[in-house]
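J.: Dumping what TrEMBL says about this protein:
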type	residues	note
ACT_SITE	Lys211	active site, proton acceptor
BINDING	Gly21, Ala22, Gly23, Ser24, Trp25, Gly26, Ala151, Arg275	NAD(+) binding site
DOMAIN	17-166	domain 'Glycerol-3-phosphate dehydrogenase NAD-dependent N-terminal'
DOMAIN	200-338	domain 'Glycerol-3-phosphate dehydrogenase NAD-dependent C-terminal'
Amino acid sequence: MKDIASGDRQSSPFGTVAVLGAGSWGTALARVLSRNGRAVRLWARRPALAQEIAATGRNSQYLPGIELGETLHATASLAEALDGAEAVLMVTPSATLREMCRAAAPHMPPGIPIALCAKGIELGSGLLLSEVAAQELPGHPIGAISGPTFARETALGHPTAATVAFPFTYADRLAPQSSAAARMAMSVGGHGFRPYVSDDLVGVEVGGAVKNVIAIACGMMSGAGFAENTRAALIARGVDEMKALAEALGGQRETVTGLSGAGDLTLTCSSTTSRNMALGTQLGEGIARADCFGGRPVVVEGEVNARSVIDLARQIEVPMPICETVNAVLHEGADLERSFSALWTRPIEAEPRALTLSLDHPAPTVPLPFGVSS
Ligand SMILES: NC(=O)C1=CN([C@@H]2O[C@H](COP(=O)(O)OP(=O)(O)OC[C@H]3O[C@@H](n4cnc5c(N)ncnc54)[C@H](OP(=O)(O)O)[C@@H]3O)[C@@H](O)[C@H]2O)C=CC1
Ligand SMILES: O=C(CO)COP(=O)(O)O
């Protein structure tokens, strides 16, 4: 592949970009685009929200207090949002992607690039989101934008970096500056938002899907009273689980060490700004699921994706013990303390996985000291 940096540096951003989904991340990305001077069509599924954004230039429900810019047009009509669009960002929760693709299909301008901005694996099919989109919207370059990007910080212009990944075609390799990835990066890049370009879509998608499950594990242990050693161990071993799954699906282990893998995992496991970390923390504190977030419905991708990641991992025989533990606690009625004690006292293994070794744990039945405070 020609080096984008050292080859021809000319690449043109997309003029008009449709953003499908006016929740916190869709609105933040729309703000990134508008700040960079792109014409943005932001689609909200509720007409009342589209009207509010159109009338006030703000989205008070999802990003209160943030001006969205003059080049942004909000609408509840998919036909209007997609009319004349040169590229699309799809930003509704992962479980809604298939229905969103079906709804958008009749209005989608032919062949335009589509960047998926949700994080997950489809429940039931075990498909990556790019595979779901490719089934429903054939003939479009499909990619992803993913990285350590809390929506509000991104919208406010805090320095933020993310990976823009599209598989490279033969033509892209000859002229990478004209690739969908390069043009998408040029469209979102600027004013504090720094994109990196990748052609390892699988590696990027796996990182995004798995990091939310690991963040729930971090939250569970943090909520149960454990501290930084435990969190760092879960992050590092979480990266190992991401690498194993990415490689098994044809992605690159190296991608997982980048923004969309280790970068996003570190962010998400560091703060209860993350909804995944926050859910885990509340469960670790002993709060019943129904009472978490004060009983409000909140998008917690790692909850459904614990199930979909583990269904897939079991099917292709990739051991993912942390994700298994989270799935068992969330979906199989397992006891949190017993499950994490069992996780910590599994047979001793090698690091990295390439070195094969398994030793009986010296104290397999000794539980973790839950209840001992720092
Ligand atoms: N928030 C963040 O910091 C980041 C989020 N992401 C990812 O972005 C994705 C979206 O999350 P986020 O924006 O935060 O979630 P939010 O809860 O903030 O917004 C969800 C959006 O999806 C819409 N929606 C929900 N269900 C459907 C449906 N069935 N059909 C169409 N639209 C629907 C909601 O519409 P309505 O308002 O009408 O309910 C709302 O606009 C997730 O995969 C998340 O992991 C990625 C990076 C950062
Ligand atoms: O993906 C995110 C940041 O990169 C947002 O994380 P949460 O969905 O856990 O809030």
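Every residue gets a Cβ built from N, Cα and C, even glycine.
Situate these features within the shown structure.
T.: When other Cβ atoms within 10 Å of the Cβ of Lys211 (active site, proton acceptor) are tallied across all protein chains shown, the result is 33. In the three-state DSSP classification, Lys211 (active site, proton acceptor) falls within a helix.
In the shown protein chains, 25 other C-beta atoms lie within 10 A of the C-beta of Gly26 (NAD(+) binding site).
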J.: Looking at Cβ-Cβ distances, which residues of the chain lie under 8 angstroms from Arg275 (NAD(+) binding site) while being 6 or more apart from it?
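T.: When sequence neighbours closer than 6 are ignored, Arg275 (NAD(+) binding site) has Phe293, Val298, Val299, Val300 within Cβ distance under 8 Å.
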J.: Under DSSP, the domain 'Glycerol-3-phosphate dehydrogenase NAD-dependent N-terminal' (17-166) has how many residues in helix, strand and coil?
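T.: Residue counts for the domain 'Glycerol-3-phosphate dehydrogenase NAD-dependent N-terminal' (17-166) by secondary structure: 55 helix, 35 strand, 60 coil.
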J.: Looking only at C-alpha atoms, tell me how far Gly23 (NAD(+) binding site) is from Lys211 (active site, proton acceptor), rounded to the nearest Å.
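T.: That separation, Cα to Cα, works out to 20 Å.
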J.: List every residue in the same chain as Gly21 (NAD(+) binding site), at least 6 positions away in sequence, whose Cβ is under 8 Å from its Cβ.
T.: Trp43, Ala44, Leu89, Met90, Val91, Thr92, Met100, Cys117
J.: Could you say which of the binding-site residues Ala22, Ala151 has its Cβ with the most other Cβ atoms inside 10 Å?
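T.: Most Cβ neighbours within 10 Å: Ala22.
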J.: Quick one, of the binding-site residues Ser24, Trp25, which Cβ has the fewest other Cβ within 10 Å?
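T.: Looking at the binding-site residues Ser24, Trp25, the Cβ with the fewest others within 10 Å is that of Ser24.
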